Amino acid sequence: MASTEEIPRSLAGKVALITGAGRGIGKGIAIELAKRGASVIVNYNSADKPAQEVVDEIAKTGSRAIAIKADITKVPEVSRLFQEALQHFGHLDIVVSNSGTEVFKPEEEVTEEDYDRVFNLNTRAQFFVAQHAYIHLRNGGRIILMSSVAANMSGIPNHALYAGSKAAVEGFTRSFAVDAGHKKITVNAIAPGGVKTDMYDANAWHYVPGGKPGMPMEEIDKGLAAFCPLERVAVPQDIGRVVAFLAHPDSEWVNGQIILLTGGSIT
């Protein structure tokens, strides 16, 4: 967990765009980058108030932020998001593609609509966010995509749609890392396990042996923490701190990697 000591503003002068930053993991990432001095574009799709609350929280750190509403499943909206970000701050150094959705559904019940909804956000949108980042980032920039531990897990029923959508992102990561190298842009993906967010609250019981709908959250947390040597589950700040390292110049030799963020959990 985070300490209360002062954090060096090691990202001062950098500008970071984070998709899905109005809540959950994206919010945690936005706050951690801002604490280190980065100016932040808080992208969101629907809820204005939570996004503005993130902007206000960032202001308390002494960093600058704006919220930009854009549906990143639509390529013209991705283009507009980047143009508005550039118009406001003048340049971009860091792009974190965080937006996503999770689904558990028996394979025989998955519809075309289910498939398109999950892959449009988890996969297609991440490709075009990464594409725009590659085009618009300054030399030496950072692209950080969002995979999941689920991409490489076995034994989780009814999870093919989500797992497949994240596995594709890992392929994007390795390929973009090659293509972006001439601009000295690094491209990595993080693959978290369970992180305490609203998505966790809705879905984490699926990962607990013997889990069932309506299971008390305390039991879910205890069940998942039992797999972790650190004896807890993750919070968004844990993910944000790793992203802050990947965004820092010191991380340059980390490139084309998929970084598991599980606290050492046995999966």
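Glycine is treated like the rest: Cβ placed from N, Cα and C.
Feature annotations, reproduced from Swiss-Prot:
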- S147: active site, proton donor (ACT_SITE)
- S148: active site, proton donor (ACT_SITE)
- Y162: active site, proton acceptor (ACT_SITE)
- K166: active site, lowers pKa of active site Tyr (ACT_SITE)
- I25, N45, D71, N98, Y162, K166, V195, T197: NADP(+) binding site (BINDING)
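When the alpha carbons of T197 (NADP(+) binding site) and Y162 (active site, proton acceptor) are compared, the span between them is 17 angstrom. In this structure, the C-alpha atom of N45 (NADP(+) binding site) lies 20 angstrom from that of S147 (active site, proton donor).
Within 10 Å of N98 (NADP(+) binding site), counting C-alpha to C-alpha distances, fall the following of the active-site residues S147, Y162, K166: S147. Secondary structure from DSSP puts the residue listed as 'active site, proton acceptor' in a helix. Calculated from their C-alpha atoms, the gap between I25 (NADP(+) binding site) and S148 (active site, proton donor) amounts to 12 Å. If you take the C-beta of S148 (active site, proton donor) and look for same-chain residues 6 or more apart in sequence within under 8 angstroms, you find G100, Y162, A163, K166, A191, P192.
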